[in-house]
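Enquirer: Features from Swiss-Prot:
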ACT_SITE  His5  active site
BINDING   Glu25, Asp27, Asp85  Mg(2+) binding site
ACT_SITE  His41  active site, nucleophile
DISULFID  Cys45-Cys51  disulfide bond
DISULFID  Cys47-Cys190  disulfide bond
Amino acid sequence: WIMGHMVDAIAQIDEFVSLGANSIETDVSFDKNANPEYTYHGIPCDCGRTCTKWEYFNTFLGGLRKATTPGDSKYHEKLVLVVFDLKTGSLYDNQAYDAGTKLAKSLLQNYWNKGNNGGRACIVLSIPNLDHYKLITGFKETLTKEEHPELMDKVGYDFSGNDDIGDVAKAYKKAGVTGHVWQSDGITNCLLRGLDRVRKAVANRDSSNGYINKVYYWTVDKRASTRDALDAGVDGIMTNYPDVIADVLSESAYTAKFRIATYDDNPWETFKN
């Protein structure tokens with residue numbers, strides 16, 4: 001999965017997919033009542049990027065739905081996965097459940113079209129704080145209450161705080177999550193980060209009793225670091241330059257082992273090294 005980083009304006013969906021992304025990451029900020037409000041990152045952000053592009057969250061979902069609904073004039077067949085980077089740092093811990101509830105209602109209405117031919121991409125809820133695991137509970141219980149529990153088949157999870165792998169496992173246990181787990185590891189492109197924790201995450205994925213299904217590394221903009229991440233066995237790379245990742249994947253060293261995921265590839269299924 002080539003994951004376009006910080007796609008916060010509808011116009012950027014076309015831009016990143018045309019550069020080779022089959023997945024995008026979108027920032028979601030919340031108001032003080034835990035309503036998802038904007039797709040917005042803000043300053044500071046990655047080096048070389050404009051930090052202030054934004055839409056209202058529900059407006060963005062409408063654009064995303066069009067981009068992932070077959071037959072729509074804006075449809076992109078290859079856009080199959082969306083990571084929502086949920087900026088829950090502005091919330092109190094006890095608002096996490098409400099945030100999950102409100103997020104589910106927004107997606108149900110504006111992305112899934114109440115279960116009637118909505119957008120088809122799979123969604124990863126990426127949460128920065130392990131203490132906010134109840135966001136998952138709120139999300140799940142709301143879809144059940146709204147009589148669309150089947151949409152949970154399209155939803156996965158990520159805790160993005162670079163926490164100890166054992167602590168992440170405990171948070172999932174509390175949330176009752178037993179699959180659909182992506183594990184991120186990374187840092188802004190302005191700084192360097194080694195691959196030690198990525199290797200631990202890959203080892204967990206590849207073990208018989210691990211909780212991780214997929215591992216992605218962020219934010220990778222250079223060919224050398226792309227090769228290092230692929231050599232470590234990641235499933236996804238988040239980048240500001242999807243064309244760079246696509247170029248490296250076309251090198252002879254990688255074409256035999258990796259291919260770009262399509263809609264038919266299950267993003268919750270584990271492939272071991």
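The backbone N, Cα and C atoms fix where each Cβ goes, glycine too.
Provide an account of the burial state, proximal residues and distances for the features listed.
Expert: Secondary structure from DSSP puts His5 (active site) in coil.
Around the Cβ of Asp27 (Mg(2+) binding site), the same chain contributes Met6, Asp8, Thr39, Tyr40, His41, Asp85, Lys87, each under 8 angstroms and 6 or more positions distant in sequence. DSSP assigns Asp27 (Mg(2+) binding site) to a strand in the three-state reduction.
In the three-state DSSP scheme, His41 (active site, nucleophile) falls into the coil class.
Around the Cβ of Cys45 (disulfide bond), the same chain contributes Met6, Cys51, Thr188, each under 8 angstroms and 6 or more positions distant in sequence.
Its Cβ taken as reference, Cys190 (disulfide bond) is surrounded by 11 other Cβ atoms within 10 Å in the chains shown.
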Enquirer: Cα of Cys190 (disulfide bond) to Cα of His5 (active site): how many Å, rounded?
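Expert: If we compare the Cα positions of Cys190 (disulfide bond) and His5 (active site), the gap is 14 Å.
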Enquirer: For Mg(2+), what surrounds Glu25, Asp27, Asp85 with a Cβ no more than 8 Å from their Cβ centroid?
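Expert: These residues sit around the Mg(2+) site: His5, Met6, Val7, Asp8, Thr26, Val28, His41, Val83, Phe84, Leu86, Lys87, Ser126.
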Enquirer: Just the number: how many Å between the Cα atoms of Cys47 (disulfide bond) and His5 (active site)?
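Expert: The Cα atom of Cys47 (disulfide bond) is 12 Å away from the Cα atom of His5 (active site).
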